[in-house]
């Protein structure tokens, strides 16, 4: 059974088309696999077995066509993406047992493509965190070492894919929440250009930064899923009115002559030397493959984390005002009047990290602080965008480490917000500029995966997949598996 | 900028949150460390730099204002904490209930 769950989407599709495997058998075995590995990984918050099996049976009855590559493939959904068939909690007590009356646009698209949604995946509460330890419900473990964090906030989405529970999951990325856990778990995570994918039905954390994206074990699988979930949506005014190319059509074109920029600021103090070594080795591979690699400078990188925490928290303080004990889920039983309904429900319903960010946001938007904090952060954002514009005038892609370190120990950083925030220092700038960023496995340090970050031009995902695929074809890092998936 | 427990409690109140004394102490310490970190932004010379608050590619999106029948009252009411006779039920708005209204 383990062998089936080492297979990628393309391989599973061939088995489904040739009828060596039915969608119902694959779905049933997916739930067996989840049940067998959940005690170690703890990635799921809800499962949807009966509904998934019925959907698979329907697909088998219709038949899976050769060109319908995602039909019958199991998928896990991060728990901040609303679903009609399963509860959506954003890993918060305040939304315990909440059932949406509608599906998010990405969920509609996943269903239309024939993917089978098997469950909802654990995350940091309201996507605020870098280790999935702020979840109200459980602590997901890293697929490679169960004493380590899976990263966050899409920790459940990453660990489930790396542990072979599902071949693909959806995550969301506000400051690195797809790429950092992808790096920590040795998988492929794509945060597309802001506007590429509809955010309708994504529980908003920071509206100007949030973006949904796919997490998979291979580059091509990732491109196949991005094909299915991208596109303009009238329900999201920030979604881009652009044609969506087939991201797999140029994936095999290679990197000969491609111009790659390597920003020196991403290799500075605080970035582990073994991570630096693995990433530099990966960049050498690109040179061997015919790419032109040059060092560049993104001088405002160091302001990214500070500006991000002001902007993201300010937007969160506004977005999370709707959780007031009246309209959704949890209400404090102690409230004796309307004001107490708000205050007590929010105080009992939100966890510490969420409260701290709401308060930082309220503080930075208050009359005496607005110019010094919120406006200043907006100016830092402009300067970071200008840095990227200058580099992209001359280069096709930027490459750097995804994270400063490999996965850290459970409980190690949870009481130290600054150390935790710094784990996103290399991913935040792309969210600030709305650029696409992805992480692919590029080596190991202390037995744990290291991620190579590829940053693209706006809507340049096809170029990024081309580069990522060339690396994957030339190396074996993605073939090494965690023990839980049959590795050694 | 140093921040004290009194200011933290004021921000909590504006955020519709209340903190116990123990929480207030922890939040003051952690918020202080975050605020000290973000003060790095003071280094930036922002003179003449426009602030960016969105990276959306569409700036203004218009549509016809068309009323749609949603007809989801029962489904929506099933998702709130308490209902009565088709309404959302909340505790009395006045501290001493209807008698004080």
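Glycine too: its Cβ is placed from the backbone N, Cα and C atoms.
Across the residues of the domain 'Amidase' (A:25-463), the predicted structure has a mean pLDDT of 97. Summarising the annotation, TrEMBL assigns domain 'Amidase' to A:25-463.
Residues or ranges marked as active site, charge relay system in TrEMBL: A:78 (among others). For residue A:78 (active site, charge relay system), the number of other Cβ atoms no farther than 10 Å from its own Cβ, over all displayed protein chains, is 33.
According to its DSSP assignment, residue A:153 (active site, charge relay system) is coil. Feature annotation from TrEMBL assigns active site, charge relay system to A:153 (among others).
Sequence-distant neighbours of residue A:177 (active site, acyl-ester intermediate) (same chain, six or more apart, CB under 8 Å from its CB) are A:123, A:124, A:127, A:130, A:152, A:153, A:154, A:171, listed in sequence order. As annotated by TrEMBL, active site, acyl-ester intermediate applies to A:177.
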Can you tell me how many other Cβ atoms are located within 10 Å of the Cβ belonging to residue A:153 (active site, charge relay system)?
35
What does DSSP assign residue A:78 (active site, charge relay system), in three states?
strand
